[in-house]
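Worksheet: the structure to be examined is printed underneath.
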């Protein structure tokens, strides 16, 4: 199965699944670049916030992971100031059986379950212990979304 065929199937599966809190669509009809939206889960610092992400798939997909970055500013221990995400399944733990939908769900889960042992944003990792301050920092970063990361 070619990358394009696999991506077409994954896109249809994602659109038909009705998975709550995630969506994705190709950018300008380019099947190898998607714009995705992840909604922050209820009862988390990210509740009520929608985050836009960019997914880029290479010709070797699914044998190589997609590149996924936040477009919307996201204050999080595992997200850097450029939107790069530290998530094991996007690197050393990637396998060809994973799908874009599973990646997006994993990122959504990561929002409330950070890996503070491996932070890309040390300030966010430190603030995580004080959830009130952490929530304020999340909102401040999100409100700056009109500014490029």
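Cβ from N, Cα, C; glycine included.
Note that the structure is a prediction, hence the values are computed from the model and not measured.
According to TrEMBL, the features are:
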- 2-147: domain 'UBC core' (DOMAIN)
- 86: active site, glycyl thioester intermediate (ACT_SITE)
Could you give me three numbers for the domain 'UBC core' (2-147), the DSSP helix, strand and coil residue counts?
50 helix, 31 strand, 65 coil
Averaged pLDDT score, the domain 'UBC core' (2-147)
95
